[in-house]
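According to Swiss-Prot, the protein has these features:
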type: BINDING; residues: Gly91, Asn122; note: anthranilate 1 binding site
type: BINDING; residues: Gly91, 94-95, Thr99, 101-104, 119-127, Ser131; note: 5-phospho-alpha-D-ribose 1-diphosphate binding site
type: BINDING; residues: Ser103, Glu236; note: Mg(2+) 1 binding site
type: BINDING; residues: Arg177; note: anthranilate 2 binding site
type: BINDING; residues: Asp235, Glu236; note: Mg(2+) 2 binding site
Amino acid sequence: MTSQASAQAAGNTWPRLISALINGADLTADNTEWAMDTIMSGEATPSQIAGFLVALRSKGETVDEIAGLVEAMLAHANPVDIAGEKLDIVGTGGDQLNTVNISTMAALVCAGAGAKVVKHGNRASSSSSGSADVLEALGVRLDLPIERVARNAEEAGITFCFAQVFHPSFRHTAVPRRELAIPTAFNFLGPLTNPARVQASAVGVANERMAPLVAGVLAKRGSRGLVFRGSDGLDELTTTGPSTVWEIRNGEVTEQTFDPQALGIRAATVEELRGGDATANAAVVRDVLSGVAGPARDAVLLNAAAGLVAFDVDAEGTLTDRMAAALKRAEESIDSGAAAAVLEKWVALTRG
């Protein structure tokens, strides 16, 4: 029996689900898991996918609805087995601010500080340089067999799960997403569907309404970490002003405002964080890892500190206290050369 046939026997059909959404009813996680499984299996038409996404967005997604999408997407992913505690630092994109690759640099700094980082990302969609683009410009090969992706995490302390390699079934969404050309729930699934199933996440979300939902899904799935949104709309912890932070610990989500000036970080402007294409942004990565001071370094240190706070399950104290301690570790990672050494070893492993 196909997934369509078995689901119809259980009452799940596209007309039923889309009609419910149009009428303002929330779906269950089982409903959306069926929908995503059908999409990932190639059994949904572009019209059904588009209708579902638009109806879901118009009603407004819930934690359970997103959780169902995530469950099905992970079920269709190519798994990668990486032992131990793992961290992902990632932004959803979509802030339209075209900054340098802050989360990618922060990931390298966290690895230099001893965290095992499994970054999940893709090429740019709304900016000039996504994580995959800048890593390629730095010399990291992305077209690796899955076993080598896992080995890099063990030997270099960091690896990259290229979304299009690990989520091949997501190709079925390409046409309706391209033709809709609007943000949908699918724009927020990347940080929630790391195929290594990381235990800790530091996630930047530009969309103000979706940020607490992303935190809620992480909590529902038993993850820990931080979700944040800059007051300037940046999908990072911003240095231009305060950020809203949702912390996930022990299945609970707490919301607070975090001001980087409390850590002595100088206020920057968005223009000072502006990036370019992959080549230009790769040059910024090399500068930051070599110890060049300035707004880019400050933003990287702040977001690396967030990653280390997410990773360190045993740390105590207020968020500001834990961020201050983690900031010192991030500074040491750069200033000792450890972060740069991680990148050098990673490039060599992917090229060997």
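Glycine is treated like the rest: Cβ placed from N, Cα and C.
His120 (5-phospho-alpha-D-ribose 1-diphosphate binding site) is surrounded by 26 other CB atoms, counting those within 10 A of its CB over all protein chains shown. Annotation: Ser103 carries the greatest number of neighbouring Cβ atoms among the binding-site residues Thr99, Ser103, Asn122 [cut-off 10 Å, Cβ to Cβ].
Secondary structure at Arg177 (anthranilate 2 binding site), as computed by DSSP, is helix.
Spatial neighbours are here defined as Cα atoms within 10 angstroms of one another, and by that definition Asp235 (Mg(2+) 2 binding site) has no neighbours among the binding-site residues His120, Asn122, Arg123, Arg177. Neighbour list (Glu236 (Mg(2+) 1 binding site), Cβ cut-off 8 Å, at least 6 residues apart, same chain): Gly91, Thr99, Ile102, Ser103, Gly204, Phe228, Gly230, Ala299, Asn303. Long-range Cβ proximity for the residue listed as 'anthranilate 2 binding site', meaning a same-chain Cβ under 8 A and a gap of 6 or more residues, is found for Leu53, Thr184, Phe186. Residues within less than 8 Å, Cβ to Cβ, of Arg123 (5-phospho-alpha-D-ribose 1-diphosphate binding site) and separated from it by at least 6 positions along the same chain comprise Gly130, Ala132, Asp133.
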